[in-house]
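Trainee: Pasting a structure below so you can have a look.
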Amino acid sequence: MALAGAPAGGPCAPALEALLGAGALRLLDSSQIVIISAAQDASAPPAPTGPAAPAAGPCDPDLLLFATPQAPRPTPSAPRPALGRPPVKRRLDLETDHQYLAESSGPARGRGRHPGKGVKSPGEKSRYETSLNLTTKRFLELLSHSADGVVDLNWAAEVLKVQKRRIYDITNVLEGIQLIAKKSKNHIQWLGSHTTVGVGGRLEGLTQDLRQLQESEQQLDHLMNICTTQLRLLSEDTDSQRLAYVTCQDLRSIADPAEQMVMVIKAPPETQLQAVDSSENFQISLKSKQGPIDVFLCPEETVGGISPGKTPSQEVTSEEENRATDSATIVSPPPSSPPSSLTTDPSQSLLSLEQEPLLSRMGSLRAPVDEDRLSPLVAADSLLEHVREDFSGLLPEEFISLSPPHEALDYHFGLEEGEGIRDLFDCDFGDLTPLDF
């Protein structure tokens with residue numbers, strides 16, 4: 001190693017060489033040495049050199065050596081550490097549940113974790129079982145089973161197997177929101193809902209009522225299905241269409257005429273019906289946009305009289321009853337009777353309301369008919385042929401036909417104050433002789 005930074009033959013060079021030769025200094029090849037020496041007096045003799053040289057006296061120069069520290073040179077096989085980062089001391093082991101393990105594990109410092117800590121014993125309760133939420137639910141369940149809503153807190157703590165202070169925590173909250181009230185020190189009463197007292201019996205009764213309603217609903221659905229099937233067969237079956245009619249006797253057999261009034265409603269399709277059932281009276285509202293609505297009264301059959309559904313009877317006392325007879329007429333005649341057509345034109349009405357008292361005294365107008373067999377009403381012309389002789393003394397010789405007959409839509413219009421019934425028909429009533437009664 002060469003010395004640099006000092007002139008050759010300087011006073012410090014021999015001393016430094018002596019130190020290096022003796023092995024007193026261990027320097028590397030890359031070490032740098034800085035030598036600082038003090039000035040020497042020129043009159044002083046030179047100091048001897050060599051290992052046996054005496055120590056320098058007060059006049060000897062001071063020699064200060066400074067070496068720059070250097071890190072050891074890395075070997076070519078070792079990886080060079082990254083600048084600014086500490087060397088990696090851990091590695092990732094994916095086979096040990098993603099845990100970082102040290103390369104060399106030393107003895108654990110401090111107190112180690114007990115191996116049995118965190119493992120619950122079989123008899124230990126979970127956190128949810130001891131929670132206040134579950135305890136409150138169980139306490140309210142005890143309140144619901146109480147007959148009068150009063151619960152002893154000591155008994156509740158024993159049943160729930162919890163500390164009494166937790167029962168007090170629950171009761172304090174419930175008392176604060178006015179759901180319970182303290183009867184005494186250890187007794188509380190439920191005030192939230194009085195329906196909870198004895199709710200089991202009421203629940204059983206309501207369940208039974210619901211079961212009965214479901215059975216009734218199923219029975220009604222079954223009857224509605226039967227009626228729907230019968231109506232479809234009645235309207236679609238050819239053999240059943242000829243029997244699609246109803247008589248006054250059928251209507252009177254449904255209800256007692258002495259206590260109930262039977263009314264027949266003849267309405268066009270798509271008629272809206274609204275019924276209001278109140279405690280005082282019963283109201284029915286009908287509304288139709290397709291045509292007029294006819295309402296007929298089914299009269300009560302008197303003793304010795306004949307049903308209006310068989311032949312015209314003198315028992316009919318109003319125009320509504322005459323119209324009820326028309327509605328009860330057979331739509332299609334049975335096979336035993338000859339086919340005939342029924343018309344409801346005003347020209348075929350027999351008598352007015354003023355002539356009916358006279359007919360009531362004429363017993364000959366009653367034609368004998370079979371009570372067991374029903375026949376449709378015949379036309380007015382055929383009836384006049386049978387009773388023409390009986391009317392000879394009371395009525396004119398001929399009836400005037402009111403023509404042309406009006407249709408259903410013609411009755412939607414009314415008459416003015418100066419018009420009468422003759423203005424509805426194109427005929428002359430001047431030749432008619434007034435009837436004197």
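The backbone N, Cα and C atoms fix where each Cβ goes, glycine too.
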Trainee: Look up motif 'DEF box' in Swiss-Prot and report which of 121-157, 158-194, 195-231, 380-416 it refers to.
Mentor: 158-194
Trainee: Test of record reading: of Thr311, Thr433, which one does Swiss-Prot tag as phosphothreonine?
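Mentor: Going through Thr311, Thr433 one by one, Swiss-Prot flags Thr433 as phosphothreonine.
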Trainee: Can you tell which of Lys120, Lys310 Swiss-Prot marks as N6-acetyllysine?
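Mentor: The residue tagged N6-acetyllysine by Swiss-Prot is Lys120.
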Trainee: According to Swiss-Prot, one residue in Lys117, Lys287 is annotated as N6-acetyllysine; name it.
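Mentor: Record says Lys117.
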Trainee: According to DSSP, does Lys185 (N6-methyllysine) fall in a helix, a strand, or coil?
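Mentor: Its secondary structure by DSSP: coil.
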Trainee: Note the mean pLDDT of the region 'Leucine-zipper' (153-174), expressed as a whole number.
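Mentor: Across the residues of the region 'Leucine-zipper' (153-174) the model's pLDDT averages 90 on the 0 to 100 scale.
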Trainee: What is the Cβ neighbour count of Lys185 (N6-methyllysine) at a 10 Å cut-off, with all protein chains included?
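Mentor: Here the count is 8.
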